[in-house]
Amino acid sequence: MAVTETKTEHGLAPATSHADQSAWGTENELIEAAHAASDEESRLPRKELFSRYMPGVIFSALLSLALVMEGMDVGLINNFFAQDAYINKFGWPDKNGKMHISATWQSAIGTGNNCGSIIGLLINGYLQSRFGSRRVYMGAMVLMTCTIFCLFFAVNVEMLLAGNILCGIPWGIFQTLTTAYAAEICPAAMRGYLTAWVSMCWGAGSFLAAGTLRGSLDLSGDASWKVPYALQWIWVVPLFLVGYFAPESPWYLVRREKIPEAEHALRRLARKDFYTEQTMAQTLAFMKHTNRMEKINAEHASYADCFRGTNLRRTGIVCMAWVVQILNGQSITNYAAIFLKAAGMGDMQAFNFNMGIQSVNIFCTIVAIVLMGMLGRRTFFFYGSAAIGFFMLITGILGCFPQTNGILIGLAVLLIFVQITFKVSLGPTTYVIVGEASSNRVRAQTIVLGRAVYVCGQICVQQLNPRMLNNVGDAWGWGAKAGFFYFGLCFIWAIWIWFFLPETMNRSFADLDYLFQKKTPARKFKTAPVDLFEFVDTDTSHKLEDDRIDDKTVTEVQEEKRA
């Protein structure tokens, strides 16, 4: 085997090149062996899987902790409006002389955060595909440090709006970067666990926000709202160091044709001496073959490629998965304190129930991660959406009765059930689906587009929920009757899931590329056979990789061959 003299990541020694793979068999044999090994891994016990790829699990889990900050921020934004000290600082008297922040400004502040997130999402789609995950992650962490100052030193609602727009930019970067990284650094059998962990980090942030808000009620003056903002600085330094020492995504390195660096990253992501020279040659051959398959629809890895060929269907699935996650009624739990106070519950009791609602996040996502290796993505999504729809219907019915103490407690318990169902099903599974359904070459861009659709849905939620749930100022005063609205949406989502959401569990990226190319119906993804060489054969692949055909795309070469 030849050794390629190249400067590897962090100044490491040159890695062995597997360009000459004849010692291990033909390229076809290497690809087929790697594909068979991927299928075999899907049948391994969970303990053995984690043992094999524990370094990758640790790096992915630590980088995903950035979503704790994002989840914490969303929880703070939505529930600060139920905190008296916050309202007294930034609010103004209503017609009855009571201090308040209007539903219009509540919506505007939340929308500002989402507008910033869209900017961050679009920036990340460009940066991550060109500079990799590590450098973008560290840069966003530095930016995060600076933008928190805007919220900490805010003196009016206008500064709150500006601060949330600025903070939304790095949060938007973290939203998609961590999901794409988790989907890429470990094999197909591990993807569900790592991408579901991303959801748990977001849920942990919501729980920390609820706990922080509850604890800050005992602080006096501005400290009761400044301390929760300041706590986000604690995460910056340790997470920056994690990004510095983490290996780059091997799929990114393969896309950039940095094969020696990709080999080194793969070895760092698995236990010591797991890869032999032969299995490494097989893995790299399989990754390069998958990359060539995806060039058919995404030669230049741009946003436009997300809408070409079969990528259009994949982008649609990713976008709809995000829509289902945000527009199902679970978003009411993020306004739990406001919702319960508006219904007549006392401040302290409302915040206590809010903590109870958010406390299920971590435990329930752990349950989902345990079940992820046994149940399909379609199963999680369909029954999760149906169950939340049922709870929303009951919520709407309870809203038709006088709001007695018993009804209020019943509504709080229903919100806990909604949160449990969401965190066991739709919450974590969405991250798995968007990581698996997107094409490897445009994964960052596809997830960005899907998350941008999610943020637009979140903007709708932040316009609707304050108006539906509040009963002061310019609010509509629907209260619990808002459950009827979300029940109707859940019914629509269940129909879409049944007919259009494919099963991606235990399918390699190459398998999924083939099934989308064949336009396989969603309900047949689980059992349909796969021919990896139908669209890209090894003769054409070899020419593309080693002979460097001048300025020709995969599609052009295939058309010449057919002619």
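Any Cβ shown, glycine's included, is placed from N, Cα and C.
Going by TrEMBL, these are the annotated features:
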COMPBIAS  1-10  compositional bias 'Basic and acidic residues'
DOMAIN    59-505  domain 'Major facilitator superfamily (MFS) profile'
REGION    1-23  region 'Disordered'
TRANSMEM  50-69  transmembrane segment
TRANSMEM  136-155  transmembrane segment
TRANSMEM  161-182  transmembrane segment
TRANSMEM  194-213  transmembrane segment
TRANSMEM  233-254  transmembrane segment
TRANSMEM  317-338  transmembrane segment
TRANSMEM  350-373  transmembrane segment
TRANSMEM  380-401  transmembrane segment
TRANSMEM  407-434  transmembrane segment
TRANSMEM  484-501  transmembrane segment
Stretch with greatest number of CB pairs under 8 Å, the transmembrane segment (233-254) reference, 136-155, 161-182, 380-401 candidates: 136-155
Selected stretch (most C-beta pairs under 8 A with the transmembrane segment (50-69)) from 161-182, 194-213, 407-434: 194-213
Cβ-based contact of the transmembrane segment (194-213) with the transmembrane segment (407-434), 3 or more pairs under 8 Å: yes
For the domain 'Major facilitator superfamily (MFS) profile' (59-505), mean pLDDT (0 to 100): 82
Recorded stretch that, among 136-155, 407-434, 484-501, has the most CB pairs under 8 Å to the transmembrane segment (380-401): 407-434
Sequence-remote partners of the transmembrane segment (407-434) [C-beta within less than 8 Å, at least six residues beyond its ends]: 179, 182, 191-192, 195-200, 202-203, 317-318, 321-322, 324-325, 328-330, 332-333, 336, 339-340, 343-345, 353, 356-358, 360-361, 364-365, 367-369, 371-372, 377, 380-381, 383-385, 387-388, 391-392, 394-395, 398-399, 401, 446-447, 450-451, 480, 501, 504
